[in-house]
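Student: Structure in structure tokens, see below.
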Amino acid sequence: MGKSILITGGARSGKSALAERLTLGLGPAPIYIATAEAGDAEMAARIAEHQARRGAIWQTWERPDDLLAALRQSDGEAPRLVDCLTLWLSNRMFAGADWAGEAAEIARALPGLNAPVVFVTNEVGGGIVPENALARAFRDAAGRVNQIIAAACDEVYLTVAGYPVKVKPNAILP
Amino acid sequence: MGKSILITGGARSGKSALAERLTLGLGPAPIYIATAEAGDAEMAARIAEHQARRGAIWQTWERPDDLLAALRQSDGEAPRLVDCLTLWLSNRMFAGADWAGEAAEIARALPGLNAPVVFVTNEVGGGIVPENALARAFRDAAGRVNQIIAAACDEVYLTVAGYPVKVKPNAILP
Amino acid sequence: MGKSILITGGARSGKSALAERLTLGLGPAPIYIATAEAGDAEMAARIAEHQARRGAIWQTWERPDDLLAALRQSDGEAPRLVDCLTLWLSNRMFAGADWAGEAAEIARALPGLNAPVVFVTNEVGGGIVPENALARAFRDAAGRVNQIIAAACDEVYLTVAGYPVKVKPNAILP
């Protein structure tokens with residue numbers, strides 16, 4: 001069974017760079033599973049910046065929707081980096097899908113996968129309660145997805161200013 | 001003197017589930033001190049969800065305002081869970097009460113209580129500065145209440161994706 | 001070479017009080033480098049509150065813009081506290097300056113300084129993505145500045161409810 005790692009953190013806290021570093025340490029020929037869709041110029045610029053940093057040794061799979069299928073189809077020898085769960089959730093909510101059920105299926109599938117997986121996700125619940133009901137629903141959903149996937153992962157880290165804080169395993173809750 | 005614990009974290013980070021687990025570990029017949037008022041459908045649904053998860057062994061006290069009295073009146077053998085300080089603060093600010101003075105009184109009373117107390121609170125200061133002056137005042141107040149109660153507690157944890165990070169005691173500041 | 005420390009955290013999480021305590025432990029006659037401008041009553045009140053807490057042993061330098069020059073000019077025996085990087089960034093963005101280049105210059109200069117420096121900064125990326133494009137740009141910039149300075153500092157702490165969580169050095173990334 002491949003190791004599974006979840007990396008969470010606020011915006012620009014160094015999540016993706018840490019995830020790339022950890023993924024490269026888990027084996028050669030890594031696969032980057034991108035959940036983003038380059039819908040606007042801001043997002044396209046961010047995708048291009050991430051690709052330039054990663055360089056040519058990565059294979060990129062663009063999978064904004066069926067993440068479980070992507071994990072199964074890519075399950076060979078190479079480590080996978082899923083960047084990120086929050087955009088995947090946003091895509092699934094927008095499509096009216098059963099995102100909670102899908103996240104639970106991914107969590108159940110993880111122990112059966114051969115190759116390692118590193119997930120990137122976002123902390124979005126640390127600010128004032130949003131006035132907008134959709135924003136409140138999204139931050140609740142994002143927190144639930146983070147908990148569902150974290151429970152199934154071997155390791156969880158919180159990035160702060162580019163550095164990881166170990167969240168799981170720890171001495172309080174294994 | 002009963003042990004006192006503060007659990008803080010973002011929305012849907014697993015605060016209440018951890019608090020329930022820790023409270024159950026502190027003794028039988030736990031008391032749940034609810035500071036929420038079921039003012040709208042969203043909050044009523046959240047309260048119902050929490051009650052269903054806790055189950056019948058808990059006794060529930062609804063105390064949206066006089067938290068210190070609730071802690072004194074419930075101070076027997078059973079551990080107490082206060083969920084949550086942020087809603088209590090919101091109720092006290094809305095009522096025009098001296099919330100800072102009341103929080104300081106609770107902090108002073110803690111060492112004299114017999115039965116353990118677990119407090120749940122929220123991290124609300126990790127986003128962009130709110131444009132709304134009331135929201136800014138609330139997040140400042142919430143941070144102050146967290147500091148006042150944390151200073152009087154034996155242990156403080158930050159929940160991330162369902163797992164606790166130890167904040168107090170630690171090697172830097174006891 | 002003087003020790004350099006970065007302290008980050010949400011609003012009212014105890015950053016400044018910890019920074020003052022750590023700075024006082026690094027030597028006598030500390031210098032407070034204030035990046036705030038008392039532009040409105042709310043900010044003026046906050047500055048006055050911080051000054052009252054610090055007391056008379058601190059020398060205050062008000063330097064909202066050229067932080068690198070302030071660090072070089074104040075580089076004698078006394079420890080310095082820079083409070084805070086987020087306001088400095090805000091001032092530099094508002095002035096149309098090359099804030100990223102200036103932050104990188106500060107990072108490069110740090111190993112050559114004699115006297116210790118403690119930086120205070122803010123976590124602003126832990127909430128929902130702001131609707132406002134300027135707010136999104138600011139939180140991205142703030143995260144980048146935090147990473148740039150953290151990479152050059154000897155120690156990094158995250159404050160939560162008045163207590164520090166160690167971020168750097170740690171066993172995962174030194």
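Every residue, even glycine, has its Cβ placed from backbone N, Cα and C.
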Student: Out of A:Glu62, A:Glu105, A:Glu131, which one does TrEMBL list together with A:Gly9, A:Gly10, A:Ala11, A:Arg12, A:Ser13, A:Gly14, A:Lys15, A:Ser16, A:Ala34, A:Thr35, A:Ala36, A:Asp83 for GTP?
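Tutor: So the GTP site in TrEMBL includes A:Gly9, A:Gly10, A:Ala11, A:Arg12, A:Ser13, A:Gly14, A:Lys15, A:Ser16, A:Ala34, A:Thr35, A:Ala36, A:Asp83 plus, from the candidates A:Glu62, A:Glu105, A:Glu131, A:Glu62.
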Student: Taking Cβ distances under 8 Å as the criterion, give the subset of the binding-site residues A:Ser13, A:Ala34, A:Asp83 near chain C, ordered by sequence.
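Tutor: Contact set vs C: A:Ser13.
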Student: Over all pairs within A:Gly9, A:Gly10, A:Ala11, A:Arg12, A:Ser13, A:Gly14, A:Lys15, A:Ser16, A:Ala34, A:Thr35, A:Ala36, A:Glu62, A:Asp83, the annotated GTP binders, what is the largest Cα to Cα distance, rounded to whole Å?
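Tutor: Maximum Cα-Cα distance: 23 Å.
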Student: Given A:Ala11 (GTP binding site) and A:His50 (active site, GMP-histidine intermediate), what distance in Å do their CA atoms have, once rounded to a whole number?
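Tutor: Checking the Cα atoms of A:Ala11 (GTP binding site) and A:His50 (active site, GMP-histidine intermediate) gives a distance of 14 Å.
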Student: Express the distance between the Cα positions of A:Ser13 (GTP binding site) and A:His50 (active site, GMP-histidine intermediate) as a whole number of Å.
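Tutor: Cα of A:Ser13 (GTP binding site) to Cα of A:His50 (active site, GMP-histidine intermediate) measures 14 Å after rounding.
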